[in-house]
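Peer 1: This is the structure, below, for whatever I ask next.
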Amino acid sequence: MPELPEVETVRRTLTGLVKGKTIKSVEIRWPNIIKRPAEPEEFARKLAGETIQSIGRRGKFLLFHLDHYVMVSHLRMEGKYGLHQAEEPDDKHVHVIFTMTDGTQLRYRDVRKFGTMHLFKPGEEAGELPLSQLGPEPDAEEFTSAYLKDRLAKTNRAVKTALLDQKTVVGLGNIYVDEALFRAGVHPETKANQLSDKTIKTLHAEIKNTLQEAIDAGGSTVRSYINSQGEIGMFQLQHFVYGKKDEPCKNCGTMISKIVVGGRGTHFCAKCQTKK
């Protein structure tokens, strides 16, 4: 699943492609993607004539700011947006097509069909699902080490599981939790409420550092991720542990281990990240 750095990279590349374009019509081939309004036909009707003013992001969600609406889009596992000429062939995995007045098409392609789209009036989206229960952005002023300490102190879940909870902080998934925990020297099974103040400060800093470095590198391509211009990310070349099972740790040479924490495959170095 694309995490914050990948979604932010998609937002940036997509903005350059479609900002200022006006939607002429919407073709919905897989209605289950449309979650609000209940009728896909209404979704298509409301978007006709709307101009894309800007594209924002909230956690792993893209926010298309239009004239009179905000479209909230979650890519889930395999969702991708690409801009095409109308005459270019598509395939069976293209499920929503936004045809623009200039003849180009913004196509939403999703092999797994897990993506979602919600349509709101401006300002409504923050107070409604799926956005209403999200925690702060990692670069928000409110995401301080004191905030993180308070959140983690309230749960005895493994720290890996606590950080994956989007109510704690948004945008973190398997890749960047594993990488941040390694950089902070924290074993993923450590109980969240057992971390010291010093460790939480380090972890807080490494969450922010890891995500920013990943954004700068265009995200991580470990399976099929590409941005809206068809380019892969490069941060996978900087991974310390994720996807490195049975490879030597870059810090100490110990073979990277993979275990299951909270039902999620988890990579770590048993020497650099001792369990306490």
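Cβ coordinates come from backbone N, Cα and C, glycine included.
Grabbed the feature section from Swiss-Prot, which reads as follows:
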type	residues	note
ACT_SITE	PRO2	active site, schiff-base intermediate with DNA
ACT_SITE	GLU3	active site, proton donor
ACT_SITE	LYS60	active site, proton donor
BINDING	HIS93, ARG112	DNA binding site
ZN_FING	240-274	zinc finger
ACT_SITE	ARG264	active site, proton donor
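Just tell me what is around each of these and how deep it sits.
Peer 2: Take the CB of PRO2 (active site, schiff-base intermediate with DNA) and look out to 10 A: across all protein chains shown you find 26 other CB atoms.
Reduced to three states, the DSSP call for GLU3 (active site, proton donor) is coil. Proximity of GLU3 (active site, proton donor) to non-local residues of its own chain (separation of 6 or more, Cβ distance below 8 Å) is seen for LYS60, GLY171, LEU172, GLY173, ASN174, ILE175, TYR176, GLY219, SER220, given in sequence order.
Within 10 Å of the C-beta atom of HIS93 (DNA binding site) sit 16 other C-beta atoms, taking all shown protein chains into account.
In this model, the zinc finger (240-274) carries an average pLDDT of 97.
Its Cβ taken as reference, ARG264 (active site, proton donor) is surrounded by 16 other Cβ atoms within 10 Å in the chains shown.
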Peer 1: For PRO2 (active site, schiff-base intermediate with DNA), which of the recorded positions HIS93, ARG112, ARG264 has the nearest Cα in space?
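Peer 2: Answer for the nearest of the recorded positions: ARG112.
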Peer 1: Cα distance, ARG264 (active site, proton donor) to HIS93 (DNA binding site), nearest Å?
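Peer 2: So the Cα of ARG264 (active site, proton donor) lies 27 Å away from that of HIS93 (DNA binding site).
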Peer 1: Could you give the number of helix, strand and coil residues in the zinc finger (240-274) as assigned by DSSP?
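Peer 2: Grouping H, G, I as helix and E, B as strand yields 0 helix, 12 strand, 23 coil.
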Peer 1: Among all the protein chains here, how many other CB atoms are within 10 A of the CB of LYS60 (active site, proton donor)?
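Peer 2: Taking every protein chain into account, the count is 22.
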Peer 1: Which chain-mates of ARG112 (DNA binding site) that are at least 6 residues away have a CB under 8 A from its CB, listed by sequence?
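Peer 2: Once residues fewer than 6 apart are set aside, ARG112 (DNA binding site) is near ARG76, MET77, GLU78.
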